[in-house]
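K.L.:
Annotation comment: TrEMBL describes Cys441 as active site, nucleophile. Look at TrEMBL and you will find Gln303, Glu362, Asn413 tagged as S-adenosyl-L-methionine binding site.
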Amino acid sequence: MALAAARRAPVTFVTHKIQDPLKRACLWFSTKDAISAEQRKSLSKKQWRKGHKRTDQQSWEDRLADAVTPLWRLAYEEQLQVKQQHQERILSRLCDQLAKEFPSQSSSSSLNSGRLSFPVLPILPSPVRDGYRNKSTFSVNRGVDGNPKTVGFYIGTGRDRNIVCISGDHLLNMPEKHKLVARCYQDFLRQSPLEPCILFHNGGHWREVTVRTNAQGHTMAIVYFHPQTLTPDEVAVHKASLVDYFTWGPGAVCQLDSLYFQESCRTRCSHQESPYQLLHGQPHIYEEVLAFKFRISAEAFFQVNQAAAEVLYSTVRDICLPNSEKSEGRVKPGGTLLDVCCGTGAIGITMSPMVDRVIGIELIEQAVEDARYNAAFNNVLNCEFLSGKAEVVLPGLMPQLGSSNGGLTVVVNPARAGLHHRVVRALRNQPAIHKLIYISCKPDGEAMRNFRELCCAPDPKQKLTGEPFSPTLAVPVDMFPHTQHCELVLLFER
């Protein structure tokens, strides 16, 4: 099965067999640039940091690039090596922790004194390496010249009182459209009689701007504003000036398809707490992934790299159901897919032809509305999306899922904070789950706690009574070229 469906270049195929004797599926990974085991030689610190010495003469632009895209000086093949080695070190630590904490498990699972005895496949590269971000948030603060109406990214910390805001025009991961909107927003701020809101208690109004784009170049801008003591009528005047600037004024060059405005008295407010106000254009933009079309709202989560998202979702799909049978050219459906932290439903919808039923759970209500719309828009009839905290929804749902026919497969894609312990408990204690796929962009963070809870010996004190899982396969996917991060797809089985 091809796991990278959207490759532009010729592909080569690398095969790996899952070592679990009960799961002898053979996964085919399509990648021209994947780094083989023989190629993954250790990079010396000198090689990693070549040309990377920081001096007092280093430009502000280079300082920002080193902070936001720390691998930008390396060739892409070297970036992949760095990430591959980093993921292998993380997984080795996981195996070491599990072997030490739960020695009774190591003799009967894939754990072996910290050594990796399950496959960590070559990292799958991003088909697009530059300008790949479809969402960027630009801050407002004092620039190098002291102008408080500077739009860009921070260098420094509030604790050290050395924050400087630098333009991101030179960053490799930023598309030109995002840079253009940021420049125009800065120009608008410098014309506005209102001050920026740098510190809430110091007053000011104009805050950051978020830019979202799709593969077709459609653009949504979201401006955040602190009302302070302004009356609604006074706020309306400045909203009108913002619309005029981006529709008839110099900002019209951005050709915005959507312009949103949110009044926010805190760092972050949800749509329910402070509704996003559509000031101009269409309420949504749309993106296509694996032949499915997805609606994107102002607040909704969507993978930041559309081309790499296709690689990620193809990988998850083929790991979940590597032995799917086909009948008369159609995939034979089977079982239930539980998608925890489902966002706008991308994973569930792209896998819907291969299962009988998809159930997604998502905290953000606007994302759930998008997921339901996306399923209907794509004529997908076997998906159900539930709104609420997973730790509240899932325990009550588990008895129903346990009785479903055809097996139960779980995909979890939580935020960096990981899964709530009640979610892990509900998954661990459901015997119908034999396969769980955990997607993490920070597996060495809180996700590591989840991994240990899934794999530890039964612990009645923690109410973890179900049989433990074992990690059996890991696949890194490079979602974020030029940065140190990637998405890790980790398969647990029992």
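Cβ atoms are placed via backbone N, Cα and C, with glycine included.
Have a look at these and tell me how they're positioned relative to everything else.
P.N.:
Within 10 Å of the C-beta of Glu362 (S-adenosyl-L-methionine binding site) we count 27 further C-beta atoms, all protein chains included.
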K.L.:
How many other Cβ atoms sit within 10 Å of the Cβ of Asn413 (S-adenosyl-L-methionine binding site)?
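P.N.:
I count 22 other Cβ atoms within 10 Å of it.
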K.L.:
Near Cys441 (active site, nucleophile), how many other Cβ atoms are within 10 Å of its Cβ?
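P.N.:
Counting Cβ neighbours of Cys441 (active site, nucleophile) within 10 Å gives 19.
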K.L.:
Round to a whole number and give the Cα-to-Cα distance in Å for the pair Gln303 (S-adenosyl-L-methionine binding site) and Cys441 (active site, nucleophile).
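P.N.:
That comes out at 11 Å between the alpha carbons.
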K.L.:
Around the C-beta of Gln303 (S-adenosyl-L-methionine binding site), how many further C-beta atoms are within 10 angstroms, looking at every protein chain?
P.N.:
23
